[in-house]
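Residues or ranges marked as domain '1,3-beta-glucan synthase component FKS1-like' in TrEMBL: 10-126. Sequence annotations record features per position, and here TrEMBL assigns transmembrane segment to 173-192, 212-234, 291-312, 352-372, 405-421, 427-445, 1255-1277, 1289-1309, 1375-1399, 1483-1504, 1516-1538, 1586-1608 (among others).
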Amino acid sequence: MPSIQQEIQQRKLLYMGLYLLIWGEAANLRFMPECICYIYHNMAFELYSTLAGNVSPLTGENVKPAYGGEKEAFLNKVVTPIYDVIAKEAEIGKDEKLKHSQWRNYDDLNEYFWSDNCFNLGWPMRADADFFCLPSLFHHDRNGDNKRLHNNKWIGKINFVERRSFWHIFRSFDRMWSFFILCLQAMVIIAWNGSSLSGIFRMGVFKEILSIFITAAIFKLGQALLDIFLSWEARGTMSFHVQLRYILKVISASAWVMILPICYAYTWKNPSGLSKSIKNWIGGHDPQPSLYILAVVIYLSPNILAALLFLFPFIRRRLERSNYKIIALMMWWSQPRLYVGRGMHESVFSLFEYTMFWVLLIITKLAFSYFIEIKPLIQPTKDIMRTSITTYEWHEFFPRAKNNIGVLIALWSPIVLVYFMDTQIWYAIFSTLFGGIYGAFRRLGEIRTLGMLRSRFESLPRAFNARLIPSETPTTAKKGLKAAFSHKFTGTPISNKETGATKFAQLWNGIISSFREEDLISDSEKDLLLVPYWADRDLEPIQWPPFLLASKIPIALDMAKDSHGKEMIKDKELKKRLSTDNYMGDAVCECYASFKNVIKQMVTGKNEKEDVNFIFSEVDKHIAEGDLITSFNLSALPTLFDHFVKLLNILKDNNKEVERDNVVIIFQDMHEVTTRDIMAEQYQTYLDLKGTTQGRYDGDEKKDQLFAADGAIIFPLPESDAWREKIKRFSLLLTVKESAMDVPTNLEARRRISFFSNSLFMDMPDAPKVRNMLSFSVLTPYYQEDVLFSKMALEDPNEDGVSIIFYLRKIYPDEWKNFLERIGQPVDSGEEIFWSDELEEHLRLWASYRGQTLTRTVRGMMYYRKALVLQAFLDMAQEKDLMEGLKVSDLLSEEYSKVERSLPAQCQAVADMKFSYVVSCQNYGNQKRSGDPIAQDILRLMTTYPSLRVAYIDEVEQTSGDNAKKMSNKVYYSALAKVAASRSDDSIDSAQNLDQVIYRIKLPGRAILGEGKPENQNHAIIFTRGEGLQTIDMNQDNYMEEAFKMRNLLQEFLTKHDGVRHPSILGVREHIFTGSVSSLAWFMSNQETSFVTIGQRLLANPLKVRFHYGHPDVFDRLFHLTRGGISKASKTINLSEDIFAGFNSTLREGNVTHHEYIQVGKGRDMGLNQISMFEAKIANGNGEQTLSRDLYRLGHRFDFFRMLSCYFTTIGFYVNNMATVLSVYVFLYGRLYLVLSGLEKGLANRKKLVHNEPLQVALASQSFIQLGFLMTLPMMVEIGLERGFGTALSDFILMQLQLASVFFTFALGTKTHYYGRTLLHGGAEYRATGRGFVVFHAKFADNYRLYSRSHFVKGLELMLLLVVYQIFAETYRSTMAYIFITVSMWFMVGTWLFAPFLFNPSGFEWQKIIDDWTDWKKWISNRGGIGVSHEKSWESWWEREQEHLRHTGMRGIIVEIVLALRFFVYQYGLIYHLNITKKTKSVLVYGVSWLVIFAILLVMKTVSVGRRKFSARFQLVFRLIKGLIFLTFISILITLIALPHMTVQDIVVCVFAFTPTGWGMLLIAQACKPLVKSAGFWGSVKALARGYEIIMGLALFAPIAFLAWFPFVSEFQSRMLFNQAFSRGLQISRILGAHRKDRASRVKE
């Protein structure tokens, strides 16, 4: 049946082509895979009917496509209507202030096609379908809330509602929270009963522990109610089955909440508390414990079934995928049936791995919590509850409250918070331990120094051939412990040793050449590192790079010379001494063979050849017999060596006929030394046998002398690359006397060559031939970042007089020297020589390759093509081609590529088939039309790399309508451009190489509807091709040596890593290349490196929860093409667009792996402000993730232990960071309550509260996170693993000396503030951090604007709490106890207040301080208004800071007001501690304090009104009023001091009492802005706020100004900030100051 089979194949091709055509023109619909499926299935049915000739039952005619016959029918009638819905919904949510529930995002619109409701659309689609109904217009009510005018047709949210609520943290991970709460309850019960762990099964204790199931039922009810509450706005689109499930869940949970307590009450004979009440209410009966046990068993039956299925994941997978109704009904109760989240379970072995990890962790965590935190706190709790306190130091509203409940809350709250938070600490410890072990098994760090590289270099050629050269026969990889520690390769060895050596040389030299092109090494270092391209058949040993053999020959020569005359030293002894060095023997053998080869090639005379042959044969004979030392006089070897070196120096030139006489003399001298000194006896015997006396005579006739006759020797020799390379190498081996131990000297070159060599010994798939490898594309989204540094950008100095090029010269001095050498300029040249047309381009490129520019990224990614060309050559070349020594530069040259059938042309063609690179330059079309220099730079990149493709969105103005009424509208296209092919008649000027559009696809409208970056990727993804797609950001780099391993990496797609499914995303590690600039860049680099190595290593295996965290992961392109793309793009909710690709891939049965044998470079932010903005963006993104449907589904579809992994590696990290800060607040406010109420004093006097150990442990746990040890621990283990634990220890000490703890504590505040604000109010946005070089000084006003609300306000609040606690607790508590408990909190206060200035370059220079003060005063006094930037005016900034409150909704405003009420506690507590109020605790005192506040506010208002009314016309009257107010204030103050004996302490206490109250009133006024504004008080609020800002600014500025008086502070700061540069021998002070002098001197000249 071949014809039928062929027809089936053709149909499949047609259907595949149809899908790709739909996908290619779908534009923004590509984010909606099920929508595309709906379109596809309808069109595929039409295609099938058309091919089959089916007749329509409606028309009686042949079936025809519903859309067709018109131009652009598919775009206009299918894509555009759906696009319009997306665009108009996005327009509503574009402002990113509206609630997510008020508009439909991509996920909502896509999930419409998950149910059979989508068939209501029909085909052709009905225009009046509910899908196309748009939301109504909005209006703003008086409270600032957005309210929807009801529209019954708008279907609303679908399946899920992203409502802003902290309850999402519980809802998404309810099983985890329930588990930890139940464990806490059980541990408290055990500890309360005084039982040991073995006493759990005592009847009374066991019964009490069983009460946890009642708690579990209550939480189940809460979860069910929460599901309904948070999903209420999606009820309209829910199917009946889903609604029924929600209702039954509530009914079932409610029933169990009633049944379990009733049954529990009957387990006790004489119950107490609530159980007694229940039993009395129902009626007393005999105890029946079995009834409760039975109820619990029935209650737990679904959990027991789930546990059984958990043990057999393959059964669970089958059940979830099954369509049987019985099974569907059973699964329906546990989880709703969706398109995603099914069949996600891993293999049994993977399940066992991550289960054991979490079981060990949980046991350790619970044991620690029980014995260290909970059990020691039980007895003090009992003592407190028994203690009766009747004397209070304030007005107590509940004096008769039992058990001192307030004290217990204050005592237990921080402990409970730490109990929930410290799991993150244990995760950090366990992940570090397991990650380090996994890394060691993966053989990371085996080669981490040049010494280690030298020791393993002998096995490197075999490793190259095993890993990078395709094997002719498939090999089976060894597994297990033996394979992990084995250094042997199982790959089939290269049959021809010479071919193998040549292939190694090609690859190795390609790497070394790229080092030289990047200026990492000098020309001399390059010569020492290269391996000969041409395999010398006369040389038996492998020709190692000269850097391994340098100085070996001079040393061996000395050893041989010293051995003469010593009877003890024989040939064996000399061989033994030579063999102690691995490479000395090879160097001697190679040099002898090369010496023989050179001499024999030059000597052509008959007599001379006989002599030379005799000498070499005699030497070979004695070497073989092992009596070389005893037979020859080796003391004359140095003389022979010197003569031969002279000969080599002449041979290097090889073209000077005038030196022929010198060559003859050198040959005669060498012959004389050999025959008369070294082997005189043997040579005399040879002459006697020959019967003649030939030699060198003193006569003048040259023809009578050896080597003098014409034709005796050949000189000059015929030119060839092989000969030149041979002589050059031979000269290096003989003449380099100093050791090459430090070659290469560049640290980056060392790191790269060490990592690459180490990676070849790691486990990776065998490399296929280039023709057989999976093809792939690289995609880089670009907006408007730097492409290539311009001349102006490079030479323009900043305010400190430092230009970028000057800065780079000082930071990279060795690379600058190598660069000058490469372009043929003197080493001491300055940048001014480059401003000529010839050299300017070189300098711009050199600088751009060291910044975070697109040029650097493109160069790095194009290494893939370069590597594939070379690998294709090695695959296809015959032995003859390999022996000819063709170089990479030859393969890529135009000369070879123009010859169509030449081997280099074929190699380039194969490489272009397997690799394509698309840069999505979104605005390139507009930039090109406007003459933007960026367009010219992009065009220059296309010219440099002809295979580069640039995708962009082209906006074209089109007119429509008749001549009388023309309308202009924009039409959008996705376009792909390449550099235009130059014609023979074109000028060679690069300006003629303009771009050429290859493809142009019309779009239904604007491409950017959601988040910019994923939309930019989406429009360009249609231009990629191949099975793999690597996403690369434009701050990344790549390396030639890593590009060689890409085809190995792509083979991972063909392997089932967990035995269940193929990978859908291949994770790749990154190297952060910006870590050497400053201490902050170093901290950030180490933090990021630990995450992308040890962190992601563990996430991928064994935890199986690695997602996509950004670039440079490689996607299975075909997998994601049908599943929504490589990112999500809904505005705001998908702010962290990358991780949602990982969520989506996992939910759709993908598999994300991580591979560490290949790396890509990445740049990171380098200044504190840039780092803080980056951290804020990530925290905002995690806040939005918390609300997302993806995380909710993962939390519910993962099994329990995988869910724990997901939580603690995503939002859990930010929740626990927030809990860390919250624990400090709870502790301090609890202590404030105890101190001000007098409870702590009363308890301390009774000696009841004497156990502080649990509290100290809790605070120590908090400090563990606060000081950054969560980050530092994995960091140090990874450094130890890859660079040695001595290095790790020194780095740790150095980091602490450079105030790493300050940095991490400050970052903690950033994460907490932005994560909490996003969850509560929203306002998440993309923050452009800037990727420039940060050596500039940030102004005080800039720092104040950025950190005022996130750090400064909170720091001052904590400082106030600590001071008040110290003042009023010092009478009964020792100072040391206070310091011990609060030291980490004081550290946090100091860090949050002053870290921005400590890490600010030139932050303590006096002149800068003066300038900053002037600038801040100007900013704080400027009035705002329309169009006034927040950077110019405090008022504009202040209004902008409250923006989130305008759109937060009623819940957010209520929470904001409730949180602000904490500031009133100070006033209430402190006024009763005044000297004048000691005798009364009446509530009237508190009332009088409010009268004082209102009086102060009234006076301020009076002054404000007076200034407006009288200051201009009645200046004298206004001054009199102010004078009277001042005198009145002084009089009241004197009266209070004289009569009620008010003290100075009272004045201070009043300040502490009333200042927070004013701030709290401000916060409430801001939350209620519409009401306050309508009441006419907004101006007063603004004036009060300005006053507070001025006071805060002065409080921050004063210490900085004081420290700036001392010059050593500035020196210390520079040393601390730029220690990395100092350690490299740089002078940062020169960078910060000297450049101005250089410029001044040039001006004078």
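Each Cβ is built from the backbone N, Cα and C atoms, and glycine gets one as well.
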Margin query: Within this structure, do the transmembrane segment (352-372) and the transmembrane segment (173-192) have 3 or more Cβ pairs under 8 angstroms, counting pairs 6 or more apart in sequence?
Written below: yes
Check: Using DSSP, how many residues in the domain '1,3-beta-glucan synthase component FKS1-like' (10-126) fall into helix, strand and coil?
Finding: 80 helix, 2 strand, 35 coil
Notebook entry, point to check: For the transmembrane segment (427-445), which partner among 212-234, 291-312, 352-372, 1483-1504 gives the most CB pairs under 8 Å?
Noted result: 352-372
Notebook entry, point to check: Per the 3+ Cβ pairs under 8 Å rule, pairs at least 6 apart in sequence, do the transmembrane segment (1375-1399) and the transmembrane segment (1586-1608) touch?
Noted result: yes
Item checked: Highest-contact recorded stretch vs the transmembrane segment (212-234), from 291-312, 405-421, 1289-1309, 1483-1504, 1586-1608, CB pairs under 8 Å -> 291-312
Notebook entry, point to check: the transmembrane segment (405-421): which same-chain residues, six or more beyond its ends, come within Cβ distance under 8 Å?
Noted result: 180, 184, 369, 373-374, 377, 380-381, 384-385, 1216, 1219-1220, 1222-1223, 1226-1227, 1230-1231, 1233-1234, 1237, 1239, 1243, 1249, 1254-1255, 1257-1259, 1261-1262, 1265
Margin query: Let me spell it out: take the transmembrane segment (291-312), skip the flanking residues so only those 6+ beyond its ends count, and list any with a Cβ under 8 Å from a Cβ in it.
Written below: 210, 213, 217, 256, 259-260, 263-264, 266-267, 319, 333-334, 348, 351, 1199-1200
Note to self: Mean pLDDT across the domain '1,3-beta-glucan synthase component FKS1-like' (10-126), rounded to an integer, is what?
What the structure shows: 87
